[in-house]
Amino acid sequence: MADMRLIVAGAGGRMGRTLTRVISETPGAVLVGALEAPGSELLGKDAGVLAGLPANDVKLSADLWSMSAAADGILDFTVPAATIANVAIAAERGLVHVIGTTGLSQSDDAVIRSVTNRAIVVKSGNMSLGVNLLAALVKRVAQSLDESFDIEILEMHHKSKIDAPSGTALMLGEAAAAGRKIALEQHSARGRDGLTGARRAGDIGFASLRGGTAAGDHSVIFAGPSERITLSHHAEDRALFAQGALKAALWAHGKKPGMYSMTDVLGLND
Ligand SMILES: NC(=O)C1=CN([C@@H]2O[C@H](COP(=O)(O)OP(=O)(O)OC[C@H]3O[C@@H](n4cnc5c(N)ncnc54)[C@H](OP(=O)(O)O)[C@@H]3O)[C@@H](O)[C@H]2O)C=CC1
Ligand SMILES: O=C(O)C1=N[C@H](C(=O)O)C[C@H](O)C1
């Protein structure tokens with residue numbers, strides 16, 4: 001079978017450069033396009049050189065329509081506005097669209113869902129095996145404990161991260177809510193500050209720390225009467241997420257249109 005031809009969106013970013021590197025190490029995948037924001041000073045630069053590799057002759061461009069004429073998939077770790085702009089073109093071209101971008105709103109999610117009758121989308125707030133296993137464990141523990149155990153989710157990321165809580169924290173919150181059979185949006189405590197009053201029973205709390213170069217730390221704390229259970233994951237290198245994204249793209253190649261998650265890719269469905 002021919003190599004899967006991939007575009008990296010946000011090719012000049014932290015994840016974009018990592019994806020370029022991981023593609024070069026992955027049998028069955030080849031980089032054919034590197035997308036950057038219109039007006040970026042990186043347009044025209046070589047994607048390989050930006051990733052610390054020998055030149056690969058894939059130049060950064062802002063023209064997704066042209067570069068996608070000869071591509072099979074797009075790995076998109078950018079910003080919400082860019083991802084939403086890419087969705088229509090990816091669907092029109094029949095690309096596999098792997099979406100790692102976080103900070104998407106409910107209306108952004110609705111736009112993504114609206115194309116999944118003709119697009120193949122794999123979307124996850126975290127592409128690592130470890131976090132997806134952690135989510136399954138969180139759901140399981142939440143099922144077993146009643147409201148006398150308060151659920152709090154703590155995350156820490158590098159100082160350049162622009163959204164909070166992280167996509168992973170929200171994913172873990174959804175897992176906990178599913179275990180408890182409640183809707184997260186009605187039981188979510190975010191951004192406590194000042195005279196907050198006592199904790200509301202049944203809420204799932206979120207706290208975000210930012211600093212240094214942390215690739216992504218997440219803990220889910222079940223705090224009960226006289227005991228606490230903490231389930232944690234620590235990412236040591238963002239190559240972990242890029243490898244997960246490559247696995248997702250190769251898995252989705254040739255699948256029917258639809259919305260898939262890393263749970264599908266990794267075979268972790270109940
Ligand atoms: N799901 C997962 O497993 C993971 C998800 N992420 C998420 O991925 C996203 C990116 O993270 P990170 O790489 O650290 O962030 P960066 O800011 O380093 O990279 C984002 C890149 O996207 C570029 N960009 C902005 N607008 C456009 C556009 N219209 N078209 C193409 N490119 C554009 C930015 O360019 P410019 O700087 O010029 O604006 C930048 O190069 C975040 O949402 C993060 O949370 C990160 C790691 C893992
Ligand atoms: O911005 C990051 O760096 C990361 N973002 C994702 C998130 O928001 O959860 C995944 C990972 O934690 C790294």
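Here the Cβ of each residue, glycine as well, is placed from N, Cα and C on the backbone.
Taken from TrEMBL, the feature NAD(+) binding site covers Gly10, Ala11, Gly12, Gly13, Arg14, Met15, Glu36, Gly100, Thr101, Thr102, Ser124, Gly125, Asn126, Met127. Remark: Gly10 (NAD(+) binding site) has Gly16, Leu35, Glu36, Asp76, Phe77, Thr78, Val79, Ala82 as non-local neighbours, by Cβ distance under 8 Å and separation of at least 6 in sequence. Look at Gly10 (NAD(+) binding site): DSSP puts it in coil.
Per TrEMBL, the feature domain 'Dihydrodipicolinate reductase C-terminal' maps to 130-266.
If you look up TrEMBL, you'll see His157 marked as active site, proton donor/acceptor. His157 (active site, proton donor/acceptor) falls within a strand when secondary structure is assigned with DSSP.
For His158 ((S)-2,3,4,5-tetrahydrodipicolinate binding site), the same-chain residues 6+ apart in sequence whose C-beta sits under 8 angstroms from its C-beta are Arg210, Gly211, Gly212, Thr213, Ala214, Ala215. Among the features that TrEMBL reports, (S)-2,3,4,5-tetrahydrodipicolinate binding site is placed at His158, Gly167, Thr168.
The Cβ of Lys161 (active site, proton donor) has 18 other Cβ atoms within 10 Å, all protein chains considered. The active site, proton donor annotation in TrEMBL covers Lys161.
Residue counts for the domain 'Dihydrodipicolinate reductase C-terminal' (130-266) under DSSP, split into helix (H, G, I), strand (E, B) and coil, are 51 helix, 37 strand, 49 coil. The (S)-2,3,4,5-tetrahydrodipicolinate site, placed at the center of the C-beta atoms of His158, Gly167, Thr168, has further neighbours from the same chain whose C-beta lies within 8 angstroms: Thr102, Gly125, Asn126, Glu155, His157, Lys161, Asp163, Ser166, Ala169, Gly216, His218. Just so you know, of the recorded positions Arg14, His157, the Cβ with the fewest other Cβ atoms around it within 10 Å is the one at Arg14. Among the recorded positions Arg14, Glu36, Asn126, Lys161, Gly167, Thr168, the residues whose Cβ lies under 6 Å from any atom of ligand 2 are, in sequence order, Asn126, Lys161, Gly167, Thr168. Every protein chain considered, the tally of other Cβ atoms within 10 Å of the Cβ of Thr168 ((S)-2,3,4,5-tetrahydrodipicolinate binding site) stands at 27.
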